[in-house]
């Protein structure tokens, strides 16, 4: 036997990545309902009183291998942090535990050679996976951009106008049309479901009218496309189609946003693009498109972005000149939603921005609900 060897943190992580499934199952043990899907291992968070599988996952492959996310709390970390999360360890103890798990305290020359080969093999596999992931992300981004550009930019007289009107959002009342939104008459819809009794996979494919929206990253490049499928209801009014997943996103939108309004400039027209905003600028960020369009009606001079999801509100990429953000709460009182919203508040505050929150004093009411209620009350009062 030979003495204890010294390894860098990156080398230790690479060793853990080389056997990531074993590591993941050891420090985040399988529970009732655990499953693996597209390289993500979903199980209970070992670091808190997690009651159901679904919000905590670990990447088992690709460029994010070893990374874990808890979308209920907004917490995340790498493979060493996973060990600390599981056992309640600090940084130095995490490394000590990792060394013990890997058997690095004492090793033979043969084991050292085998371990070095495993590290190199894992490195090459990760690099190949990163290239594949980057190529796939680029392909999907181009596909998303193509879908958006193929849609109709003029929303007036389209089902999008009628759908929004039913939500008390009149396009003609906006300071300027939201260029990020378009109408497409036939967007593909695909869904696969497994019959719980027979195990048969049921595939649904069709084309439906949809409101499509461009999702751009911090550099202003389209990286994804949001789709809201539309249909005429029994009352003859356009609304969301009766689908289990009526809103879908094509592409990776993390960090991106739907830029609905740049506000009003000093001469009354559109203000400069977000990337060129002056120091001290303020941005309003909401989750959904309808909430953010409602914000445009309430505060026409403000820059308004839709984050697409509550979890992404914390990650929206903003230029340095944005000094203040107003976060729109949908007033969801579910613990997971509350934790994710607080994570957004904390993330923007940590970035050095002043954070303000809009929240209705009525439980469960978002900004669009409030807008619809107030407009209905005004109509009743005028009658």
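Cβ atoms are placed via backbone N, Cα and C, with glycine included.
Those TrEMBL annotations? Automatic predictions, nothing curated.
Per TrEMBL, the listed range annotated as coiled coil is 119-147 (candidates: 119-147, 148-176, 177-205).
Residue counts for the domain 'DUF7146' (139-260) under DSSP, split into helix (H, G, I), strand (E, B) and coil, are 22 helix, 54 strand, 46 coil.
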